[in-house]
Amino acid sequence: MSAQPQPAIAVTGLTKVFGGRKVVDDFDISVPRGAIYGFLGPNGSGKTTTIRMLCGLLTPDAGDGQCLGFDVRREADAIKAEVGYMTQKFSLYEDLSIRENLDFVARMYGVAGRKARVDRALAELGLADRARQLAGTLSGGWKQRLALAACLIHDPKLLLLDEPTAGVDPKARRDFWDEIRRLSKAGVTVLVSTHYMDEAVQCDFIAYIAYGKKLIDGPAAQIPTMVGLTTWRVSGPELGKLEERLHGMPGVLQVARFGSVLHVSGIDGAALEASVRQLEAEGTHQWSLQPAGLEEAFIYLMAGARDNFAGDPAGAPL
Amino acid sequence: MSGVFSLSRFLAVLLKEFIQMRRDRVTFAMMIGLPIVQLLLFGFAINADPRHLPTLVEVGDDGPLVRSILSGMDVSGYFDFRGTVEGVGAGEDALRRGEANFVVVIPDGFERDVIRGLRPQILISADASDPSAVGGAMSAMSGILEGAISQTLSGPLAGLANGPPPFSLVVHREYNPEGRTSTNIVPGLLAIILSMTMVMITAVAIVKERERGTMEMLISTPVRPLEVMLGKILPYVVVGYIQTIVFVLAAGLVFAVPFEGSMLAFFIGFNLFILDNLALGFLISTVARNQMQAMQLSFFTILPSVLLSGFMFPFAGMPGWAQALGTMVPATHFIRLVRKVMLKGAGIGDVSAEFVALTVILVVISIGAMLRYRQTLD
């Protein structure tokens with residue numbers, strides 16, 4: 001590790017307590033420069049709180065580390081100047097026009113050559129001719145693009161994106177991720193939280209968080225191997241009935257339906273195979289072994305997490 | 001879509017409302033607190049027939065008749081003797097500074113002149129810029145004087161007690177000779193309008209930022225708290241200026257309220273008052289969670305400004321504890337200042353006490369607001 005340059009983010013033991021409950025518990029993360037790092041986890045798992053601590057909006061109750069070479073506890077102001085933070089909820093002024101919003105944010109960061117920079121952002125957005133439209137009248141997809149443009153206006157070195165594509169149509173999501181990859185190639189480090197598996201697979205690294213704890217992290221491609229799942233794919237008639245039979249068979253930990261196929265997964269590969277062979281012998285379904293995917297891995301992790309945290313008030317519906 | 005009333009649906013809604021009410025602590029406290037406070041204020045603090053009004057005397061004679069008159073005034077409960085004044089203009093100064101509501105002048109050789117049948121005059125100068133404060137006291141005067149006469153003028157002088165009074169009472173209603181209520185109300189109204197709008201607008205403007213989530217974006221940028229605070233407050237100072245200009249013009253043109261005193265004193269005073277209100281609005285914004293709460297809390301602060309400041313009811317007529325509460329309200333001092341400057345022609349020196357009070361309140365509120373303001377979301 002010593003040969004590598006300093007990571008963009010390196011924190012250890014990050015903890016945040018709200019009302020006696022650990023929302024983020026002893027969180028470590030190291031994000032290499034220029035990487036796309038994905039935060040995955042269910043709602044209320046502490047993703048937003050973690051991101052807010054990284055950019056100085058919240059003061060950690062414990063833990064320390066650096067973000068872009070600045071101390072996360074003491075140098076929040078320096079971090080803010082170099083970070084672009086896109087909030088989960090649209091947080092530009094709905095009663096300002098598109099240009100006024102971009103101009104306001106540019107002023108906040110003291111961007112040099114502000115007018116030219118705003119003009120360029122408007123041109124890149126393709127909104128130059130609608131610059132005087134009120135931001136509140138934009139559709140969800142356009143709001144998201146405007147928000148991204150606003151948090152890029154000061155050319156930050158690190159982008160923190162909190163569920164940026166929630167409620168955005170598939171085409172806009174794809175465009176959005178093209179932009180993220182382009183930025184990453186240009187050297188911008190991107191930390192993005194998401195619920196979508198198709199977005200998770202686009203990340204270089206992934207951390208999975210549940211109930212404030214990091215369950216696993218690593219390069220996206222290695223996560224399923226790290227979890228150690230074996231997955232069988234099965235297709236054929238009456239999958240519903242088959243699914244019921246599979247539950248409770250030796251070695252079967254989870255059965256997940258993907259369109260017209262079932263993915264049957266387990267940790268104990270030998271026991272799972274024995275169960276599969278038994279059903280395969282009936283000859284009604286087509287079975288094939290396949291490498292476990294991210295989605296199976298996360299469903300498995302979630303199930304485990306729920307067990308570990310049973311009785312935790314975090315899991316209780318509000 | 002049946003029109004039948006469902007008891008279970010109704011109860012579910014009712015329960016939900018109670019739960020929401022219980023979680024919204026500020027609103028809950030307001031709902032409980034407001035009626036209680038109003039009851040206390042209306043029940044105890046407000047007195048349309050104010051007594052114990054501060055009174056100064058200028059005595060040129062201290063014979064038994066004069067002592068009888070003064071003790072009669074004292075016993076009546078309307079007048080509280082605060083001391084004596086001497087010399088030309090001293091009583092007038094005290095009235096203008098608001099140290100007394102009445103100055104009673106009894107001329108030299110008063111009793112001797114009464115006995116000689118010269119019908120001397122007693123002069124009472126009353127601060128009529130607040131007509132309701134002096135009205136009750138003045139109407140009680142004739143009874144007080146009759147009592148004093150019949151007690152003192154006995155024996156050989158009893159003849160004087162019958163027939164027309166042996167002396168006359170002259171009342172000067174200073175500053176508002178016609179006793180018009182609008183002359184009193186209008187300058188006070190400026191304080192109420194300014195506090196209502198300034199506090200509410202500031203509180204809501206800042207809370208709105210948090211409620212809509214834009215505060216999160218704002219504080220994720222390198223912007224400093226003071227920049228946010230000043231940047232959000234200054235536009236409303238301008239609004240306050242416009243309100244004041246419109247108001248002073250309207251007061252003069254519509255209500256023919258005079259503007260007798262120093263413009264500079266007025267200018268300094270209303271700037272201090274605007275700052276007081278903006279700081280209060282900012283403080284409220286650090287407490288309120290949403291715009292609704294901000295509105296309610298702002299409205300809550302209006303009540304003492306209306307009821308305890310001497311705007312609607314004479315300050316001197318309130319009991320001591322209510323006066324103490326009223327002293328903490330910026331509007332109290334601003335109303336005094338405006339009445340002194342507009343009606344009594346006061347200069348900067350005459351309103352220095354109000355300047356001090358408004359400044360002290362400003363410092364206290366600002367410290368509170370800065371302590372509560374967070375640059376993080378913690």
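Glycine residues also receive a Cβ, built from the backbone N, Cα and C atoms like all the rest.
Note that the coordinates shown come from a computational prediction; the quantities given were computed from them, not determined experimentally.
Under the heading domain 'ABC transmembrane type-2', TrEMBL lists B:147-376.
Annotated transmembrane segment per TrEMBL: B:26-46 (among others), in sequence order.
TrEMBL lists B:185-207 (among others) with the feature transmembrane segment. Tertiary proximity for the transmembrane segment (B:185-207) is limited to same-chain residues at least six positions away from its ends with a CB under 8 Å from its CB atoms, namely 232-233, 236, 239-240, 243-244, 247-248, 251, 255, 257, 270, 273-274, 277-278, 280-282, 284-286, 288-291, 293-295, 297-299, 301-302, 305-306, 309-312, 330-331, 334-335, 338-339, 342-343.
TrEMBL lists B:233-257 (among others) with the feature transmembrane segment.
Positions annotated as transmembrane segment by TrEMBL: B:263-285 (among others). Through the fold, the transmembrane segment (B:263-285) approaches residues 190-191, 194-195, 198-207, 229, 233, 236-237, 240-241, 244, 294, 297-298, 301, 330-331, 333-334, 337-338, 341-342, 346-348, 350-351, 354-355, 358-359, 361-362, 365-366, 368-369, 372-373 of its own chain, all at least 6 residues removed from its boundaries and within a Cβ separation under 8 Å.
For B:297-315 (among others), the entry in TrEMBL reads transmembrane segment.
Here TrEMBL flags B:351-371 (among others) as transmembrane segment.
Sequence-distant contacts of the transmembrane segment (B:233-257), counting only residues of its own chain at least 6 positions beyond either end whose CB sits under 8 Å from a CB of the stretch, comprise 182-183, 186-187, 189-190, 193-194, 197-198, 201-202, 205, 270, 274-275, 277-278, 281-282, 342-343.
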